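Pulled from TrEMBL:
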- A:1-19: signal peptide (SIGNAL)
- A:Cys96, A:Cys128: heme c 1 binding site (BINDING)
- A:172-278: domain 'Cytochrome c' (DOMAIN)
- A:Cys192, A:Cys195, A:His196, A:Cys239: heme c 2 binding site (BINDING)
- A:Arg235: substrate binding site (BINDING)
- A:Cys239: active site, cysteine persulfide intermediate (ACT_SITE)
Amino acid sequence: MKLALIVLASLWAAPLAQAASQPDPAADLQGFQGYFLKRFPKVPLAAYVNGPYNFSKSERDQWKQIIEFPPYAFAVADGKTLFDTKFANGKTYASCFPNGGIGIAQTYPMFDAKTGRVVPLGVAINRCRVANGAAKLSLTTGKLADIEAYMTSTSDGKPIDVVVPHDPRALAAYQAGKEYFYSRRGQLNFSCASCHVQAAGMHLRGDVLAPALGLTASFPLYRSSWGDVGTLVRRFIGCNKKVKAEPEAADSTAYRDLAYFMTYMNNGLPIAGPGARP
Amino acid sequence: MKGFRCGLVLVGLLVPVAASAAVASKASAASAIAAAQAEMKLAASMQDQWIATVAAMKDARLALKQGDFAAAETAAVHAKALASLSVEQAKAQRALWVNEAVH
Amino acid sequence: MKAIAAIFVVCLMPCAALAATPAEIAAGQKIAETTTLGNCDACHMFQGADEAGNIGPVLKDVRAMVPDRKLFYAIIYDEEARNPQTIMPAFGKNQILTPKQINEVIDFMYTK
């Protein structure tokens, strides 16, 4: 009798325990956005795409001056030229993307069922190049960042719409990105969340730490400290170095998954890229 | 080459006493570098290699090349210690990261 | 005789850890304000800091804040051991600073 009860109990409890450990992106999203909305009640959801400017008047004033002559305008123009330039085989980037690549940046990173991997926009651009006989470009800056800047500009204002399909590989990638985001690493022992959740909105020296909510929405972006336009991956590399950890490879699964998780957390917020930051 | 490396590891196993007595040899330095390298491989596999670890390893290799075996060994031992700290950190984080997650 | 007495007193002073020397305090300040070392002002405001952050508590009347030097050392060495939620780096445990450097930072902070 006792044994039967134990068996019954364990049968009943097992699916529950499993359910608790299953990734639940939709619930995470609600909790994540809710956390920031509750913590900073004066900042409306859509305003998070403006990152640090919600938290510092002096930075906001500087920004307003800067975007009168947006420093990323050249990147967008160069990116459009590159985007429209034919490959040796006569095709263009438009042939690789739905809707000719216009107004689709908000759907990236995208899970690719064929390879079982996450494909951020930069990787998709490189895939298009390789498929058309061209060499891969650097995923951090330069021509690829310019193309990304142009493509993102055609999605300006569209709500971010990253999908985690009911595919165990997609869920695993999402979960890996989440774990990377919250895991401390490097000699300084910081996680992404240490600065961009826990200390979000506070000052690290003179700089405001941007909340993770909205953070991906304005990439690629012009950073004054870079002096040019860079991608989200470039920022990942910079952050890893800042916590005194060796960065991952630009096209690593770790960074793809991290971008997947972070961008999913921004679902519903408007694309505001390319952006400008101090 | 493989046999040579094996030999170095063996020598390394036999001379830790000599090494700690600061009588570093080419073999003891090479063995310390090999030990550090193994720990660094583990750290990298856990996505947590520290920049200081890589720098210490670079110092160790440079000193070995320059024939300063004592400096090479000291730097390699330091690299291994740092790599071990990062491995320990990464292992702990596998359980601790959930505490940082917002829900 | 006087000279011997003076030597005796000088020798006793550091052992009793009564006061830090100006050199130790200056060394501590340098460590506290160097980004690759203590980088204390990245997160903590203290008098004289340039463009200090506000992530950690303001360091003012530090001797009253942390009168126990041993505890102060432990906080800089590995605050996570005491408070798992902290984001303060473990300067000692992770070998960012040497024990001597930590002590110099404490000497400097006790002047704040």
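Keep in mind that glycine also has a Cβ here, set from the backbone N, Cα and C atoms.
Features as recorded by TrEMBL, highlighted on the structure.
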| residue | record | Cβ neighbours (10 Å) |
| --- | --- | --- |
| A:Cys96 | heme c 1 binding site | 16 |
| A:Cys128 | heme c 1 binding site | 20 |
| A:Cys192 | heme c 2 binding site | 23 |
| A:Cys195 | heme c 2 binding site | 21 |
| A:His196 | heme c 2 binding site | 21 |
| A:Arg235 | substrate binding site | 20 |
| A:Cys239 | heme c 2 binding site | 16 |
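Across the residues the record lists as binding heme c 2 (A:Cys192, A:Cys195, A:His196, A:Cys239), the two Cα atoms farthest apart are 11 Å from each other. In this structure, A:His196 (heme c 2 binding site) is part of a helix by DSSP. Of the candidate binding-site residues, A:Cys192, A:Cys195, A:His196, A:Arg235, A:Cys239, the one lying closest to A:Cys128 (heme c 1 binding site) when CA atoms are compared is A:Arg235. The average pLDDT computed for the domain 'Cytochrome c' (A:172-278) is 96. Those residues of the chain, other than A:Cys192, A:Cys195, A:His196, A:Cys239, with a C-beta within 8 angstroms of the mean position of the heme c 2 site C-beta atoms are A:Phe190, A:Ser191, A:Ala193, A:Ser194, A:Leu209, A:Ala212. Taking 8 Å as the upper bound (exclusive) on CB-CB distance to chain B, the binding-site residues A:Cys96, A:Cys128, A:Cys192, A:Cys195, A:Arg235, A:Cys239 give none.
Counting only the Cα atoms, the space from A:Cys96 (heme c 1 binding site) to the residue listed as 'substrate binding site' is about 26 angstrom.
Counting in whole angstrom, A:Cys192 (heme c 2 binding site) lies 11 from the residue listed as 'substrate binding site' by their C-alpha atoms. Residue counts for the domain 'Cytochrome c' (A:172-278) under DSSP (helix as H, G, I; strand as E, B; rest coil) come to 45 helix, 17 strand, 45 coil.
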